[in-house]
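A short write-up of the structure that comes next.
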Amino acid sequence: MSETPNTNEQNNPNNQQDGTGQNPMPPMPTGKPQMPERPERHNQADGAPKRPGDDDRKSERPTWLSEFSDKEEDFASRLNTRPPQRASIITIIIIFLVAFFIGSQMMNMVHGEETDDLTTSEFVQAVEQGRVENVVYNAGEYTVTGKYYPAATAGSTIAESYNSAIESVDVKLGTILEPSNPSSVGIETTSLEEKTLGTERNYTATYVGQDSLMELLSAHPEVEYQVTLPSNVTEILISVLPMLLFAGLLIYFFSQMSKANNSQMSFGKAKAKKTTEERPDVRFSDVAGEDEAVEELQEIKDFLVNPGKYQKLGAKIPRGCLLVGPPGTGKTLLARAVAGEANVPFFSISGSEFVEMFVGVGASRVRNLFEQAKEAAPSIIFIDEIDAVGRQRGTGLGGGHDEREQTLNQLLVEMDGFEKNDAVVLIAATNRVDVLDPALLRPGRFDRQIVVDGPDVKGRVKILEVHAKNKPIGEDVDLERIAKLTSGMTGADLMNLMNEAALLTARRNKDKIGMDEVNESMERLMAGPERKTRVLNEKTRRTIAYHESGHALVGHMLENADPVHKITIVPRGMALGYTMSIPDEDKFLVSRSAMLDELAVFMGGRVAEEIFCGDITTGASNDLERATKTARKMVVSYGMSEALGQQTFGQPNHEVFLGRDYGNTQDYSPETAQRIDEEVARLMKEAHDTAYEILSARQEQMHTMAKVLLERETVDGEECQALLNNTWDEFLAKKQAEAAAKAADQAEQPQVEAEPVAQVATPAAPVAPAVPEAPQPPAAPQQ
């Protein structure tokens, strides 16, 4: 796995290395040292001059540096062409207010300790005591600010504070002065100035009345005085900004409430996607293997495009068309093809989108969907997985007034109710037609039920051709052979098969998809991925070899069993080994003898363990489970028991909200149940005896098959048929003869070419080692 390159290391010139892995040192200049010039980038497309030597320098740059420069330029171009992002006005206002609040708080934190809030009386007292230096009066805010000297302590006189300050300073200076009159205010000193009452601080106070302030300050001319007039802009902002902010918040909250109301009201609107101009690129020609379904849908499309062609004959367009079939057969693909081919509006929606947690939403969405379709008529509505909303009504588990029933009732009315609706066609798809309501399936609503079943051999060939159209396919790939080997696969399985083959081809670094990749992908889909890391001991490998050989040999000897194509003991998925048996043709009916032979094949692995390993293991658990299920169906469902006669036992329950297949109701007596169990046991015993008889009579062949499997792990094709037909020795002799003939041809080839060129003539010694190696059989590819 490649790692993402570290751009920090690539941008650092000190990390660049040369081919030896060392940091390249530039040659030392002999003259005056100069700073290395940084190469400038010129855009040749803009007409910038191209300096000589640019191509040489560009070619000398390391490859990784060039790739990084290209990526950097591409990122810069995409960054410059990115559309600008618009910020809402409300977001900008909120960010501005938050920044203003944070800034004011930080200013208060910085200057808050140096500013004192004084009362009016404290301010007047400070002015009268001569502790105020200046006064700035704001006429608009009725505040005074400035600088002053605070008093020492509450209740102390100025003289005491002054003398204590002098004494503290003299103590620090090492001299103590004894004042002659401590209570006097004027203390003479030669070392200190007069204003040492404390640290100068800022103050602010509220003072109403400019005239009284003038009278106070006129008595103290030493105080500086200044008056500031209020600004009109400031007053307007102070008075209007709160109202604007409040109005903005109201608008924001109302817009949010409006959005919430709109979202609540939109619950009842349908979420269908309208396809008009940008139609899917799928056409009817892309749908292979379903010719009958395509023909039916083409007729509906033609009726909408050319209604007069049918109306003159008195024909009415089908109101609804129901696509029925197992998963993966192409029901949704057919609907997409209709959307791609039709020249009318196409509405597509899923059945689960009608169901919500609110009561009445489903019915409202059905009404809204058909209203949109009627406005765009003629039009087509496609509902995928309609069983999510169209299940049968009844008591069940949800009651008579279940929300799903209301939605279904509205759908029934819209399709064929009191109002006529001739211009809207409903196409629906489901794989559970058995749980749909009968009123939904009646003529007038879903007039047609188109069965979209699995493709046959011809259909699989066409599907493979469609999926191989845009892929490089090798000459050895035979699509018809692949179609025969993929019996029972749907269109989705075949698409996945070809896609897995393409992925495997890319993993192996090949240019074309070969048959080996297709076979490997087929086994991957059928049995799971190969478990290469699982290590098995020799005893386990031997048990698996005999187990799979038993399955293969019993299946080969029975007439009605499917042909064996491959045997392997390589673990895949949850299996330690498997035998691939694929029918030569599609089977639509299975006979009783074929089912009995299938039971014997299931028991072949367990019987082989009993005969050749001396003990049984858990490896046959899945075989026994499938065999028991088949035997019980023969007795209970298919009436293939001679002892119980031609009848079935057990009826499925009718819990429609559980899918109708939750369980079976036992409608027979305990004695009959005992007879059923005895009959199932008898069928299993007969299958065991059949497999035991076949394997015990062919023990030498079983030993040979197990030995070859232990050596090669996988046998298929001619090797598999040689083992099953007990002609392994003849097969080896044939391969040895072919290898010897090939070696002889290779030995003669150099002698013929050596005659015209004398100097190239060499003895035939180089090909001599091929002669003793020729008898060795070619080894099969290990998996």
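Glycine is no exception: its Cβ is also placed from the backbone N, Cα and C atoms.
According to Swiss-Prot, the residue from Asp447, Asp453, Asp456, Asp623 that belongs to the Zn(2+) site alongside His547, His551 is Asp623.
Of the candidate ranges 278-323, 692-737, 738-783, Swiss-Prot annotates residues 738-783 with the feature region 'Disordered'. The CA atom of Thr329 (ATP binding site) is located 32 Å away from the CA atom of His551 (Zn(2+) binding site). The candidate set comprises the recorded positions Glu548, Asp623. Of these, Glu548 has the most other Cβ atoms within 10 Å. Taking the Cα of Gly325 (ATP binding site) as the reference point, the closest of the recorded positions His547, Glu548, His551, Asp623 is Asp623. In this structure, Pro327 is the one among the binding-site residues Pro326, Pro327, Gly328, Gly330 with the smallest number of other Cβ atoms inside 10 Å of its Cβ. For Lys331 (ATP binding site), the nearest neighbour among the recorded positions His547, Glu548, His551, Asp623, judged by Cα separation, is Asp623. Thr332 (ATP binding site) has Asp623 as its nearest neighbour among the recorded positions His547, Glu548, His551, Asp623, going by CA to CA distance. DSSP assigns Gly328 (ATP binding site) to coil in the three-state reduction, outside any helix or strand. For the pair formed by Gly330 (ATP binding site) and Asp623 (Zn(2+) binding site), distance between Cα atoms is given as 32 Å, rounded to the nearest Å. Here the Cβ of Gly325 (ATP binding site) has 21 other Cβ atoms within 10 Å, regardless of which shown protein chain they belong to. Per Cα geometry, Asp623 is the residue among the recorded positions His547, Glu548, His551, Asp623 nearest to Gly328 (ATP binding site).
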